[in-house]
Amino acid sequence: RGYLDNITAIGPRTVGSPENEVLAVNYLLEQIRAIERESTDAHKLSVDIQRPTGSFSIDFLGGFTSYYANITNVIVKLEPQNGAEHAVLSNCHFDSVPNTPGASDDAVSCAVMLEILNTLSKSSEPLQHAVIFLFNGAEENILQASHGFITQHEWAKSIRAFINLEAAGVGGKELVFQTGPENPWLVQAYVVAAQHPFASVVAQEIFQSGIIPADTDFRIYRDFGNVPGIDLAFIENGYIYHTKYDTSDRILTDSIQRAGDNILAVLKYLATSDKLAKSFEYRHGNVVFFDVLGLFVLAYPARVGTIMNYITAAIAFLYLSKRVLQPKTRVVHNLKKFFTAFGLTLLSWVCALVAVLIVAAFVSLIGRSLSWYTHFYVSVFLYGTVAAAKLILVHTLAKKLFYKNMNEQYLGDIFFDASLMIWSIALAGITQIGLCSAFICTLWVAFPLLTKLMIHKEFSQKGATMKFVMMYMLGMFVPYLYMMYLSWTVFEMFTPIMGRSGSEILPDVVLAGFIVVITMILSSYFINFIYLVKSTKTTLITLTTVFVVTLILVCSGIFFPYSSDAANPKPKRVFLQHTCRRFHDLDGNVVKIDSGIWINGFDYNGVAHITPHVPEINDSIRTPCEEQAPFCGLPWILPVHFMFRKNWYLPAPEIFPRSPIRFKVLSKELMPWNNVRLSFEVSGPSHMSLYVRPHEGSSLSTWSLGDGTPVASLGGDYFVFYSHGLQAAPWHFWVELTAPEKHSDGIVSLAIAAHYFFGEDQKSPQLSALLERFPSWTFSSGWSCTYDLFVF
């Protein structure tokens with residue numbers, strides 16, 4: 001905890017700032033030197049500071065290219081006295097996003113790593129392999145420092161596996177949310193060594209599907225270093241991740257202790273494992289892994305999982321065909337009844353989904369989106385009740401109108417079989433696609449089927465109803481418990497993400513969709529009870545009442561989405577950039593100049609809740625798109641324009657940074673095949689964005705960035721993210737275009753934005769005054785920037 005408090009006390013650590021490049025680095029070096037003095041003779045400890053320069057392209061956020069100069073890595077190697085050929089890497093980052101203390105993301109991981117380094121170096125047992133501790137100084141700049149290390153540092157070649165420590169929340173338990181690629185021995189190492197496991201292949205498949213707008217250094221080690229690893233992140237309380245509330249006092253000592261115990265154990269296990277040296281021999285195969293209520297982890301090869309899944313599905317299909325085909329005389333009748341029940345079950349699901357989505361869309365349209373952001377129970381009362389009521393209603397109507405005077409028990413049986421059929425098809429289908437998460441379907445086929453076979457005798461006796469219900473509940477206990485546990489984890493991760501998923505996604509629709517799916521899953525084997533009970537009237541009336549009351553309260557606006565509660569804040573995120581824009585024509589003359597404060601709200605509600613507090617920020621100042629300029633002529637720090645189509649531009653006085661950007665054309669050369677090469681020199685602050693749009697008929701064929709092949713962003717423009725550490729030479733780059741014969745209006749528009757994230761240029765008096773007026777339930781991050789557009 002001492003380490004953590006001291007790192008966060010430095011303040012926000014943005015790449016290029018003295019806080020990040022000098023103070024944090026010096027503090028780490030002091031601590032490492034102190035640890036080195038105490039270490040035993042069993043180990044050799046080496047320290048290196050790396051300041052790499054490099055460039056790469058990445059397909060994250062629609063695709064862009066990154067260029068970094070002179071950023072900082074602090075690297076420690078702990079190895080046996082006579083050296084080691086192989087190593088395991090542990091990675092954290094000490095930089096933070098602007099305007100936040102970054103305790104959980106990621107100072108706490110660096111604190112844990114210092115403590116582990118201290119513990120290992122004092123131990124008298126020698127290690128078999130080296131452990132490399134990388135304290136990387138530029139992760140928030142979209143993974144630049146890890147790229148500099150893995151592609152350029154001499155120690156990188158010896159690394160056979162890594163553990164990456166990250167955060168998507170503040171404190172709580174750290175979740176293993178991706179492993180591999182392949183390399184099942186790594187998961188086994190975690191299973192054997194971790195003392196408090198929390199891991200899920202479901203989380204891995206959700207994360208790798210790309211629906212969460214986040215990425216970690218894991219990607220860099222995997223794609224550029226070809227090294228397998230384990231990615232861990234704190235996921236609790238994502239509401240305050242990347243905000244000013246991410247302070248060290250919010251991370252419980254238990255949480256730090258837990259992470260330390262786990263990671264020390266896994267690192268020690270890997271550093272003394274024979275498999276590390278021969279890791280390439282064990283690299284094939286995926287693993288199905290999941291923890292059981294945080295007590296232990298079950299892990300088995302995906303091949304075994306596939307076989308188990310198919311066998312389970314086959315037994316279920318066998319059971320179902322036996323049910324339908326006997327007695328032989330009634331096969332057609334049975335089939336008809338069975339498929340009717342199957343169809344009705346699907347119909348009830350569709351009705352529930354449609355009803356809930358209509359409610360969600362209505363709530364979004366009237367401007368009451370995210371009313372559950374601070375009060376999560378509202379979402380259950382609003383959407384869970386509709387889903388449940390709709391399911392019950394459809395089946396109650398079917399029972400009354402369609403199945404008049406039929407034996408209830410027979411109906412109960414048929415609907416049980418229909419649910420089993422649906423789960424068995426899902427199991428076979430998901431296994432066929434190759435998803436490891438199919439193990440959930442296995443639970444939902446195996447346990448109910450076993451239960452049914454065990455209590456089938458009970459069905460036929462009169463008066464055994466209570467006993468039957470008890471047995472039935474007991475048999476369903478395992479899949480229900482696991483599903484509840486998993487749903488809780490998913491909601492804990494996803495609810496906060498809805499507050500930072502951009503202006504285009506309707507968060508209510510997403511959350512309502514989740515709730516319907518979970519309601520469908522949890523109700524699948526209780527549908528048959530609707531046919532077994534006398535009446536569902538009371539249940540329906542209760543559900544409807546709860547829904548109507550909640551809807552009225554939501555529409556009245558009583559549930560305010562955000563909260564500034566000191567103990568548990570749930571702020572609204574807003575970015576403000578005081579911008580000065582200059583547009584030049586082909587001859588270099590300024591044709592348009594404007595300045596203002598450009599505002600982006602991070603969620604679907606935009607600025608609706610802020611207008612009452614700051615009246616001049618309203619929908620009359622929506623930002624127009626400058627059609628002729630790349631990315632609408634706006635100074636995006638990342639190419640997230642497709643996530644934030646709604647933003648606002650409040651006129652404000654021009655700004656004059658003390659260290660303005662210098663942009664020079666060095667040369668224009670005619671190359672073979674009608675190509676034109678333009679060379680540039682740029683110097684400016686630590687963060688700059690370059691935007692390129694070839695004109696119609698021209699195309700960008702090659703450039704001096706990344707691997708030489710330009711990667712376009714969504715929408716077809718090109719985006720380059722540039723950053724530098726303390727001192728950096730001017731940035732030199734060239735672009736080469738294929739030009740048409742006639743090009744009277746130039747062949748390319750090229751814009752450059754300079755971002756002032758720290759120091760005297762960061763906040764203008766106008767920006768500071770505006771930020772002061774923002775309500776306490778917002779987290780507003782502000783900085784200044786300039787934007788220049790040129791045509792060549």
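Every residue, even glycine, has its Cβ placed from backbone N, Cα and C.
Keep in mind it's a predicted model, so treat the numbers as computed, not measured.
According to TrEMBL, the feature domain 'Peptidase M28' maps to 73-266. According to TrEMBL, the domain 'Endoplasmic reticulum metallopeptidase 1/1-A TM' annotation covers 335-555. Summarising the annotation, TrEMBL assigns domain 'Endoplasmic reticulum metallopeptidase 1-like C-terminal' to 569-790. Annotation comment: TrEMBL describes 292-320, 341-366, 372-398, 432-450, 471-491, 511-533, 540-562 as transmembrane segment.
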Long-range environment of the transmembrane segment (292-320) - Cβ separation under 8 angstroms, sequence gap at least 6: 173, 184, 187-188, 190-191, 194, 196-199, 285-286, 338, 417, 420-421, 423-424, 427-428, 431, 436, 438-439, 441-442, 445-446, 449, 453, 481-482, 485
Same-chain residue ranges lying at least 6 outside the transmembrane segment (471-491) that approach it to Cβ under 8 Å: 175, 200, 202-203, 206, 235, 292-293, 376, 440, 443-444, 447-448, 450-452, 454-455, 458, 514, 518, 521-522, 525
Overall pLDDT of the domain 'Peptidase M28' (73-266), taken as the mean: 93
Paired segments the transmembrane segment (341-366) and the transmembrane segment (540-562) in contact, 3+ CB pairs under 8 A: yes
Distal contacts, the transmembrane segment (511-533) - CB-CB under 8 A, six or more residues away: 345, 348-349, 352-353, 356-357, 359-360, 372, 379-380, 383-384, 387-388, 391-392, 395-396, 399, 403, 408-409, 411-416, 418-419, 422-423, 444, 448, 476, 480, 483-484, 487, 490-491, 494-495, 498
